[in-house]
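Feature annotations, reproduced from TrEMBL:
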- 73-500: domain 'Major facilitator superfamily (MFS) profile' (DOMAIN)
- 165-186: transmembrane segment (TRANSMEM)
- 198-221: transmembrane segment (TRANSMEM)
- 233-257: transmembrane segment (TRANSMEM)
- 317-340: transmembrane segment (TRANSMEM)
- 352-373: transmembrane segment (TRANSMEM)
- 385-405: transmembrane segment (TRANSMEM)
- 411-435: transmembrane segment (TRANSMEM)
- 447-465: transmembrane segment (TRANSMEM)
- 471-496: transmembrane segment (TRANSMEM)
Amino acid sequence: MTSQVFPSYNQENENIKTDNGSLIISKIQNLRQQPSDSGPLTNPPSLINQRFTTQSQTEVEEDLNSFVHLTIILVAIQSGNFSIGYSLSYLSMSFTTLFSQITLKGSEIEEQGLFSAVLSIGQLIGAFATKPLLKYTTRNQSLLIADMFGVLSILQVIPNREVILAFRFCYGLCLGISTTIMAVYVKEICPEKYYEKFSVLASFLIAGGLFFVNFMGLGYINSDLRGENSYYWQIIFAIPALLHFLRSFIITVIYQIDSPDSLIEMNKPQSAKKILMKIYKPQFVDQIFFKCQQRVQNNDEQIEGIMNLFTKKHLKTVLIGCLLAFISTWCGLFALYSYCSQIFEIISDGDFTLNTLFILILGIVQLIPAFISKFVYRKIGNRSLLLYGLFLLIICQILIIGLSYSETLEASIVSFIIICFFSFLFALTLGPITFSMTPEINTSEGTYFCFVTLYLWQLIMLYIFPFMLDAIQISGAFIVFAILTFLSTIFFYFYVKETKGLNHDEIERLYGKL
């Protein structure tokens, strides 16, 4: 998959500053000012406001206590993206060994669909639950709840059909909650000058998780590690639980960090300041605290409600976001990652060693765009990159369709090379654009809605793709994917606007919201 950019607050600098660069001080008087923490604020509000105005005019740049500690915290928060990448194919490569050790209650194709889909069911429910959850918990508390489900998922290693399904569902809940929170959490505690660097880390971690699990799949080449007497699949299934335990241990136990914004929302300003003092040098704490207050207020003012998404003002951008979520799932790459072992088994004509090597190479290819995407986005606008990417993806889909009718080894190798290029293009264009353009053009509610639909599309894909593969083969499946990609390209050509170099208000005006 790709970079996860899910900010609730877009272009907050524009909301904090007027045209001449001075901070908007008057609005802060309306912020909730009844702290539940004991003890007075460090400075009276009037003195803080005066200091902030002076600092903003002279463009004082905040200084950190330790960049190393900040990096560890932000990487730990975003390590859930590694888990997302890991989740894409850990089951696919283990189907044969797993199914030889449990009692199935349907055909193998039906059971593959069920075992795959139950993860997305959990993700969908987790994503739905996150919004009400955040009303009563801080960012870190919500992430801790997600990690509790992630740790419970270690019970997937019990070789029982119902137990595996139940705790794979728990793993899905963990991913659904975690995905929705991570980028917001990072946005709220990361200094602005470092945000771009740390936000693109998400795509690297997702690709890293996919590569790591594909590398673990090399173990299945050893015949002793697959089959009825193998315990290797249990090691693979247990790794996500360890990852989520480590994340909570680092963030909650070692650093005791949380989002200052969420603490302010809960009327705990002193706790918010304590968090900021762990990150910034003392002389900058009041300055950053005010910015957090202003962000919270601006976010409260911008909340319009889910039903307003279907009004004329928001409908176009919501449709764009939902279609991006749809086609990023239904262009074929999500099925390819989730059922890579089954697809490559067909392409490699049952050669298990070649199949495993194909999976590993695909993981390596997926890593490359994470290193270069940042430089590409600086030169090419999102609209151009999206349309060029979709056009090239369609060409790859057509080539995969044509080569699927040949059973020669040469055709298999060429088909695999095209699949790798297909994966590379997706990770460079459509994948990250889905997660950057959607929040860029939508409100926080619109972004939330679009990404909930993403899990719905993934759920449908995971369940029906084994049946598609059995009924219409790879060629038929990619014909469906190509048609859907072509229709989506036409829609994007007419309705997506170029936003390169535009600020938040200009984007709103471009889409007729102002």
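The backbone N, Cα and C atoms fix where each Cβ goes, glycine too.
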With the greatest number of Cβ pairs under 8 Å to the transmembrane segment (471-496), the stretch among 165-186, 352-373, 385-405 is 385-405
Taking pairs 6 or more apart in sequence, does the count of Cβ pairs under 8 Å between the transmembrane segment (385-405) and the transmembrane segment (352-373) hit 3 or more? no
Given the transmembrane segment (411-435), its same-chain partners at Cβ distance under 8 Å and 6+ residues beyond its ends are 1-6, 202-203, 207, 324-325, 327-328, 331-333, 336, 344, 347-349, 358, 361-362, 365-366, 368-370, 372-373, 376-377, 382, 385-386, 388-390, 392-393, 396-397, 399-400, 403-404, 454
Per the Cβ under 8 Å criterion, with at least 6 residues separating them from its ends, the transmembrane segment (317-340) contacts 1-2, 88-89, 91-93, 112, 116, 210, 214, 309-310, 358-359, 362, 390, 393, 397, 400, 419, 422-423, 426, 430-431, 433-434, 437-438, 441-442, 446-447, 449-451, 453-454, 457-458, 461-462, 465-466, 469, 477-478, 480-481, 484-485, 488, 491-492, 495-496, 511, 513
Under 8 Å Cβ-Cβ from the transmembrane segment (233-257), and at least six residues away from its ends along the same chain, one finds 69, 72-73, 76-77, 79-80, 82-83, 86-87, 90, 93-94, 97-98, 101, 140, 143-144, 146-148, 150-154, 156-157, 159, 171, 174, 189, 213, 216-217, 226, 275, 278
Across the domain 'Major facilitator superfamily (MFS) profile' (73-500), the model's average pLDDT, rounded to a whole number, is 88
